[in-house]
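Quick look at what TrEMBL annotates:
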DOMAIN    518-568  domain 'Cationic amino acid transporter C-terminal'
TRANSMEM  79-100  transmembrane segment
TRANSMEM  112-134  transmembrane segment
TRANSMEM  155-176  transmembrane segment
TRANSMEM  208-226  transmembrane segment
TRANSMEM  233-255  transmembrane segment
TRANSMEM  305-331  transmembrane segment
TRANSMEM  351-374  transmembrane segment
TRANSMEM  395-419  transmembrane segment
TRANSMEM  431-451  transmembrane segment
TRANSMEM  463-482  transmembrane segment
TRANSMEM  516-537  transmembrane segment
TRANSMEM  549-569  transmembrane segment
Amino acid sequence: MDVEGVDQQTNSEGGIRRRVCSCTKDDFLPEESFKSWGNYANALIQTPTRLIDRILTRSKDEEELESKSRSQNEMKKTLTWWDLIWFGMGAVIGAGIFVLTGLEANQEAGPAVVLSYVVSGVSALLSVFCYTEFAVEIPVAGGSFAYLRVELGDFVAFIAAGNILLEYVIAGAAVARTWTSYFATLLNFNSDKFLIKVDSLAEGYNELDPIAVGVCIIICIIAILSTKGSSRLNYIATIVHIFVIFFIIICGLIKSDTKNYTPFAPFKVRGIFKASAVLFFAYVGFDAVSTMAEETKNPGRDIPIGLIGSMVITTFLYCLLAITLCLMQPYQKIDTQAPFSVAFKSVGWNWAQYIVAAGALKGMTSVLLVGAVGQARYLTHISRTHMMPPWFSQVNAKTGTPVNATAVMSCATAIIALFTKLDILSNLLSISTLFIFMLVALALLVRRYYVHGETTIANRNKLITFLLIILASSIATATYWGLSKDGWIGYCITLPIWLLATIGLWYFVPQARKPKLWGVPLVPWLPSASIAINIFLLGSLDRASFMRFGVWTGFLLVYYLFFGLHASYDTAKDFERGRGWKNIEEGKGVDSKDIVPSAPL
């Protein structure tokens, strides 16, 4: 073996070598499979074998932690639980509450939209618990991508990763377009004043928003300069935002009329859950906090406080805002673009609409900022595995931020924001998010009940059986809900099956792993409930959203089979051999037991 080559590899893996941002072929396709056309053809021939390997092989905690060295420079540990709480609220309280509340109250739920927020809030809180245990145990920038890679394997992690990136791009685009609407009302124009209609484009994509593009560019620059600086700007903006929210609640209740709360649920129970599935958009963003674990001073303490604390506060405020809006106006008259501003105008408080618009702008600016920070860190960790080009993983030595990833994701957000209407974005966002959160809950159950080399084959098989039954019964419940308008017999079958499967998992399969610092309570009940609720809410979304989701997932599969699979396969094998390289440097030689694949399920 060439020792010089070993030294070079060790330096690259260990992060000893430092270099400025570059843009060469080796920054995008440095793996052995892409060194020549012959190598690539050989890799394509091996696609079935490599795919099976990546499906069955799981990463290890230490591998995810070691992958940080592939970014050449480390991210700076500057954040505390206080920063994370404000990041959490800043990431979540934005376009969802200030726009979708009006849209869903007007079209789907009526005043019962407050119950829709409760349902989606409970679902989000269950997901938060699942995230916290992973973020404490695996404090890396990859968030749910890293968690799924460890427990469900590379292939599932990549499909989720693609949807994570789509989630952030769509969320940022939706918020940026809403920013323009509230900016227009602040200047006393109609909410669509600054949109440019182009008749030659397809409906839903023909109202261009250049202001949203400008906002995305400014946010990108701020996110690149400093994480701690972004944190300070975020919690200053969020504090102002909270004051505006209390102003809306107090002054809105002063002008309330209880007659507007009748009828309370004009669209019945189905409308409540349908609105809840879309309103899950309003809780999107908290997972960005988990991506900051790598920059947190004390993950074991700070992450649970930051995530759970921000989610509880946010859900409480959402419910109060929903109640206030529906008491101010009949649900049929609520504006679907800038509901709170127009509501104050309708009760004669024209001056208040400017305060509301200014507060909404500050809130949405925080959402955009935290989203830009979070999505860049997802892409950074994904590219560390070489599923995406490693050029995206480069961290700037001066700023300590992933400049390439931030810039590219912000550009994608700006392009989507320029063309696409909010209702299209919100539905597609919800389906991606619910899918990912369901997978994280599933991964947590695998983490607790399965450890390679310790869990017996019998217990492994029982675990797989119970998990499949939990998934199947949850899907059956959601399908029955989507197809049956008034039926109830199906629930008498599917729900008891889910319950019995969860009981079986709890009683017959012993837990193989205990959390080291902080763990999710009520396992397996809490993650099992999270799986069921997320899948149920998926069943409330429209067919067009599933079609767009399927098209995007198909695109991901094509990219993975032709590029991501081979790049990540080569990188994984290099990492496995790297255990032997360390021994060579120390003069110990290579021990065959050091060169083993990661644990298969």
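Placed from the backbone N, Cα and C atoms, the Cβ positions cover glycine too.
In this chain, the transmembrane segment (351-374) lies in contact with the transmembrane segment (233-255); the count of Cβ pairs under 8 Å, excluding pairs fewer than 6 apart in sequence, is at least 3.
Using a cut-off of 8 Å between Cβ atoms, the transmembrane segment (79-100) and the transmembrane segment (305-331) share at least three residue pairs, counting only pairs 6 or more apart in sequence. In this chain, the transmembrane segment (351-374) lies in contact with the transmembrane segment (208-226); the count of Cβ pairs under 8 Å, excluding pairs fewer than 6 apart in sequence, is at least 3. If you look at the transmembrane segment (305-331), the same-chain residues 6 or more away from its ends with a CB under 8 A from one of its CBs are 81, 83-89, 92-93, 97, 101-102, 105-106, 110-111, 113-114, 116-118, 121, 124-125, 128-129, 131-132, 135, 242, 245, 248-249, 252-253, 255-258, 260-261, 266, 282-283, 286, 289-290, 339-340, 343-344, 346-347. When each of 155-176, 351-374, 431-451, 463-482 is scored by its Cβ pairs under 8 Å to the transmembrane segment (395-419), the top-ranked stretch turns out to be 155-176. With a cut-off of 8 Å between Cβ atoms, the residues of this chain six or more beyond the transmembrane segment (351-374) that come close are 87, 89-95, 98, 143, 168, 171-172, 175-176, 178-179, 182-183, 185-186, 215-216, 219-220, 222-223, 227, 230, 233-234, 237-238, 240-241, 243-245, 247-248, 251, 285, 287-289, 291-292, 338, 340-342, 344-345, 406, 409-410, 413. According to DSSP, the secondary structure content of the domain 'Cationic amino acid transporter C-terminal' (518-568) in residues is 40 helix, 0 strand, 11 coil. Taken together, the residues of the domain 'Cationic amino acid transporter C-terminal' (518-568) have an average pLDDT of 87.
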